[in-house]
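> I have a structure here, written as structure tokens, and I will follow up with some questions on it.
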């Protein structure tokens, strides 16, 4: 049988060619979407209603990716990024879009994902929780990179989809006092004899001061410790070192733990605060976290002596305020160190209607001592969601379920489970925890109807 040669398209020519495309919408990760030869093309940095010149960087069967070369016709939502490092640093990806445009996109994306995967189309969103668009982060981890040839240590954030460190002089989303410390810290670290043995630097702005956590891979000598101590005194900041075993040591002073306020003091109640060990997870946006906690209390409406289960409770971000309102609270967390700190926080706030447990929430929960009938359930899982935990709804039978999500995809999947079990979505709202980025957080309230 004769075989005929069929020439394949020259993919290298296709990738090098420049194209003019019209952008229709944004995907859930904030990239522009256009159409080309029957394929969807994803274009980071492009906005809806723009005409752009791009260069294809990847071709697949059903989609392609492209690099933005030039914006030929701008969207009215396009703005000039405020950060000089925006186009190289991997921290933010929506600074080129107005803040109102970002929020409108995030709300539309949230509704779209919930409609597609949870069948909740047609619902209205509650007002979004929004705050400052700049200098909102009270915590950030800066990467270090030591160049063996130049003997220079770079301090900054990693580039998008890369391990390369982009040196930065400022960060427009980091709290201003912390941003102002980046250049002085970079200079200090390069003066240390152990600069080749330094890991990341974490900066924290807490209600009881500013903190820096420096990761070290070997012990520092006395001269280096003296330089760190003098820097801490000059800049009025607590510095602590974290070694390979995860142990912390204060520099020049005893180790002090950062403290965040969860509920402000008012006429009816004292303030509720949370202390934590550097390295443990806490919400980085103080303004939005306070609003989120207040909204959770409003939506869940805890009553005195109600039995409320807080799964993925961390160090008590929601458990402490729930107990403050008189509920009998059970908090369960998968990280043992955070459970210990949650107990410390309960004692510090004089809250005794709280019990914390350590447990794997993806495992069989049937024999757990806390498993049983509850009045209400609060979920605040990591990005993977709470699918396994929701398989035990029949044993818990909560009247209300409040779900705080950092991943709308897992929220939609888990919402489908709740709807199948007789719950109805009562409220849904955006939490804009991370302005200038595509990240979407949300809060959903479900009530049992069957």
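Backbone N, Cα and C atoms are what each Cβ position is placed from, and that goes for glycine too.
The model shown is predicted, which means the values in this text are computed figures rather than measured ones.
From Swiss-Prot, for reference:
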DOMAIN    12-70  domain 'TRAM'
BINDING   83, 89, 92, 171  [4Fe-4S] cluster binding site
BINDING   283, 312, 317, 333, 360, 380  S-adenosyl-L-methionine binding site
ACT_SITE  406  active site, nucleophile
> Of all the recorded positions given, 89, 171, 406, which residue's CB has the most CB neighbours within 10 A?
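By the 10 Å Cβ neighbour count, 171 comes out on top.
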> Under a three-state reduction of DSSP output, how is residue 83 ([4Fe-4S] cluster binding site) classified: helix, strand, or coil?
coil
> Cβ distance under 8 Å to residue 360 (S-adenosyl-L-methionine binding site), same chain, sequence separation 6 or more: which residues?
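For residue 360 (S-adenosyl-L-methionine binding site), the qualifying residues are 334.
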> Measure from the Cα of residue 380 (S-adenosyl-L-methionine binding site) to the Cα of every one of the recorded positions 83, 92, 406, then give the nearest.
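Given the candidates 83, 92, 406, the nearest one is 406.
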> Do you know the mean pLDDT across the domain 'TRAM' (12-70)?
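A mean pLDDT of 93 is what the model gives the domain 'TRAM' (12-70).
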> If you count other Cβ atoms within 10 Å of each one's Cβ, which of the binding-site residues 283, 317 has the most?
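Of the binding-site residues 283, 317, the most buried by Cβ count within 10 Å is 317.
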> Within 10 Å of each Cβ, count the other Cβ atoms, then let me know which of the binding-site residues 83, 92 comes out lowest.
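Ranked by other Cβ atoms within 10 Å, the binding-site residues 83, 92 bottom out at 83.
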> Relative to the mean position of the Cβ atoms of 83, 89, 92, 171, the recorded [4Fe-4S] cluster site, which additional same-chain residues have Cβ within 8 Å?
85, 86, 91, 95, 157, 168, 172, 173, 436
> Excluding near sequence neighbours, so keeping only residues 6 or more apart in the same chain, what lies with its CB under 8 A of residue 312 (S-adenosyl-L-methionine binding site)?
332, 333, 334, 361, 379, 380, 381, 382, 386
> Please report the number of other Cβ atoms within 10 Å of the Cβ of residue 333 (S-adenosyl-L-methionine binding site).
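Neighbour count, Cβ to Cβ under the 10 Å cut-off: 25.
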> With DSSP assignments reduced to helix, strand and coil, which class does residue 89 ([4Fe-4S] cluster binding site) get?
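The residue in question, residue 89 ([4Fe-4S] cluster binding site), is coil (DSSP, three-state).
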> Which one is closest to residue 283 (S-adenosyl-L-methionine binding site) in space, judged by CA to CA distance, out of the recorded positions 83, 89, 92, 171, 406?
406
> May I ask for the distance between the residue listed as 'active site, nucleophile' and residue 317 (S-adenosyl-L-methionine binding site), taken between their Cα atoms and rounded to an integer number of Å?
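Rounded to the nearest whole number, the Cα-Cα distance is 15 Å.
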